[in-house]
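A.B. asks: What follows is a structure written as structure tokens; I'll ask about it next.
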Amino acid sequence: MGNKCCSKRQDQELALAYPTGGYKKSDYTFGQTHINSSGGGNMGGVLGQKHNNGGSLDSRYTPDPNHRGPLKIGGKGGVDIIRPRTTPTGVPGVVLKRVVVALYDYKSRDESDLSFMKGDRMEVIDDTESDWWRVVNLTTRQEGLIPLNFVAEERSVNSEDWFFENVLRKEADKLLLAEENPRGTFLVRPSEHNPNGYSLSVKDWEDGRGYHVKHYRIKPLDNGGYYIATNQTFPSLQALVMAYSKNALGLCHILSRPCPKPQPQMWDLGPELRDKYEIPRSEIQLLRKLGRGNFGEVFYGKWRNSIDVAVKTLREGTMSTAAFLQEAAIMKKFRHNRLVALYAVCSQEEPIYIVQEYMSKGSLLDFLREGDGRYLHFEDLIYIATQVASGMEYLESKQLIHRDLAARNVLIGENNVAKICDFGLARVIADDEYCPKQGSRFPVKWTAPEAIIYGKFSIKSDVWSYGILLMELFTYGQVPYPGMHSREVIENIERGFRMPKPTNHYFPDNIYQLLLQCWDAVPEKRPTFEFLNHYFESFSVTSEVPYREVQD
């Protein structure tokens with residue numbers, strides 16, 4: 001006996017949605033049972049999909065294409081109950097198969113994950129893991145785990161090549177101004193000021209100014225849709241982008257191509273290591289020495305001959321194994337896009353390895369003194385200052401003090417991406433302060449006076465260190481307190497001495513006054529990292545050309 005697929009009311013709603021005859025009950029899935037024309041049930045049927053010859057979803061039964069929220073965990077995200085776009089109410093029991101689309105190519109790293117190509121469509125089977133989902137590739141029919149941040153819900157705005165979810169204006173400028181991008185390269189990003197709006201950023205060129213980026217506000221309509229100029233409105237972001245890709249319509253230039261997206265952050269070497277991070281030493285190849293740290297050497301290497309990694313080693317006898325592994329535990333626990341990611345450790349024999357994210361440009365200090373950082377413009381330095389403040393704001397929120405914040409402990413990657421590293425002296429604190437054991441070494445020129453004299457470290461002593469880092473940054477790697485030994489520094493600071501404003505580099509008065517606030521003798525009077533991050537985020541915006549308006 002055939003299964004009864006739906007009520008009379010459901011039939012009526014679907015028929016009203018498609019009065020021209022586009023609706024066929026046999027083409028849709030209700031509840032968990034697919035109903036074919038013979039009335040038989042098929043539990044293996046494709047849920048919520050109109051079965052056309054191409055095998056793709058009918059656009060009337062897809063989620064809102066401008067849904068921009070992050071992919072949700074545990075089946076709570078996405079759209080489970082769907083309805084025809086032309087009807088005000090849904091049809092109970094109509095279920096949409098959850099499909100994601102690949103935003104990047106991905107190569108399998110172990111036996112449990114799945115290789116895929118950009119554009120591949122995959123059905124989600126299990127979304128309970130926070131970083132890895134189990135899927136079936138709808139092209140190859142292979143099943144396996146995939147990294148969540150490499151995919152987006154199909155037909156959502158996140159799946160568009162031109163949409164950048166977590167990009168601020170300064171970062172948009174850096175991405176668009178890459179040399180390989182022609183005039184008209186563009187991206188769309190969420191507005192920093194309007195929670196329902198967006199911003200369109202376009203690379204342009206003018207005589208006397210050269211290449212630069214123009215920004216336009218995309219404003220929402222009350223009844224749905226978007227506009228840049230009031231005489232041109234569009235039902236979706238996709239429609240808006242398509243229109244301005246055919247005609248500039250008052251923009252500085254026609255939208256020529258989407259800005260290339262950087263690869264997303266990977267927090268694990270592979271899904272097998274998401275819950276454990278001890279790996280065999282034989283899987284690591286040390287290829288090139290990068291430098292020497294407080295407790296050992298740092299190498300560039302490969303994991304399983306495929307993945308770039310940085311490997312920090314512990315010299316025997318310089319630090320206890322337990323303390324070294326404590327550093328690893330801290331780095332693994334805290335995740336932020338401005339902190340260097342820890343991948344794994346090799347602790348079964350000496351020397352112990354910490355395997356972490358590789359940053360191609362090395363330390364900020366070397367970058368400023370010897371690398372491409374020597375040629376950075378002032379706005380580039382502001383961008384780096386903002387990123388470091390963002391990472392420290394995160395540590396501040398987690399009650400974690402760094403205790404060794406300096407340019408040598410910030411790493412630089414492509415597009416001047418900056419990340420904080422070296423938690424060798426960091427400690428998680430339950431109170432506001434941490435007092436180290438006697439005999440602990442710390443860098444005097446970067447250390448707050450209360451930490452030098454009384455051994456009391458807090459997030460406010462990190463703020464002091466951040467002020468010293470800013471001096472390093474804006475002087476392109478100059479040594480703090482030039483010509484002074486550590487003892488002289490301590491004595492002078494106690495007498496109220498502070499480094500003067502440099503005269504051999506561009507150094508605005510307002511930034512120097514901010515440094516003096518970071519160096520206040522009273523820790524409680526120093527600014528928070530939340531304030532510092534907001535200050536530098538706003539700094540470049542207020543000094544740049546405002547958002548453009550397109551004339552009606």
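The backbone N, Cα and C atoms fix where each Cβ goes, and this holds for glycine too.
Pulled these features from Swiss-Prot for this protein:
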| type | residues | note |
| --- | --- | --- |
| DOMAIN | 95-156 | domain 'SH3' |
| DOMAIN | 162-259 | domain 'SH2' |
| DOMAIN | 284-537 | domain 'Protein kinase' |
| BINDING | Leu290, Gly291, Arg292, Gly293, Asn294, Phe295, Gly296, Glu297, Val298, Lys312 | ATP binding site |
| ACT_SITE | Asp404 | active site, proton acceptor |
| MOD_RES | Tyr434 | phosphotyrosine |
A.B. asks: Can you break down the domain 'SH3' (95-156) into helix, strand and coil residue counts using DSSP?
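C.D. replies: The domain 'SH3' (95-156) comes out at 3 helix, 28 strand, 31 coil.
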A.B. asks: According to DSSP, does Gly296 (ATP binding site) sit in a helix, a strand, or coil?
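C.D. replies: Once the DSSP labels are grouped into three classes, Gly296 (ATP binding site) ends up as coil.
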A.B. asks: Quick check for the class: what is the C-alpha distance, in angstrom and rounded, between Val298 (ATP binding site) and the residue listed as 'active site, proton acceptor'?
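C.D. replies: Checking the Cα atoms of Val298 (ATP binding site) and the residue listed as 'active site, proton acceptor' gives a distance of 17 Å.
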A.B. asks: Can you grab the distance from Arg292 (ATP binding site) over to the residue listed as 'active site, proton acceptor'? Cα atoms, rounded to a whole Å.
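C.D. replies: Cα-Cα distance, Arg292 (ATP binding site) to the residue listed as 'active site, proton acceptor': 15 Å.
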A.B. asks: Would you mind ranking the binding-site residues Arg292, Gly296 by how many other Cβ atoms sit within 10 Å of each Cβ and giving me the lowest?
C.D. replies: Arg292
A.B. asks: Can you give me the Cα-Cα distance between Leu290 (ATP binding site) and the residue listed as 'active site, proton acceptor' in Å, rounded to a whole number?
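C.D. replies: Cα-Cα, rounded: 19 Å.
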A.B. asks: Give me the CA-CA distance between Gly296 (ATP binding site) and the residue listed as 'active site, proton acceptor', in Å, as a whole number.
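C.D. replies: Given the Cα positions, Gly296 (ATP binding site) is 16 Å from the residue listed as 'active site, proton acceptor'.
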A.B. asks: Within the domain 'SH2' (162-259), what mean pLDDT does the predicted structure show?
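C.D. replies: Residues in the domain 'SH2' (162-259) carry a mean pLDDT of 94 in this prediction.
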A.B. asks: If you run the three-state DSSP split on Asp404 (active site, proton acceptor), which class comes out?
C.D. replies: coil
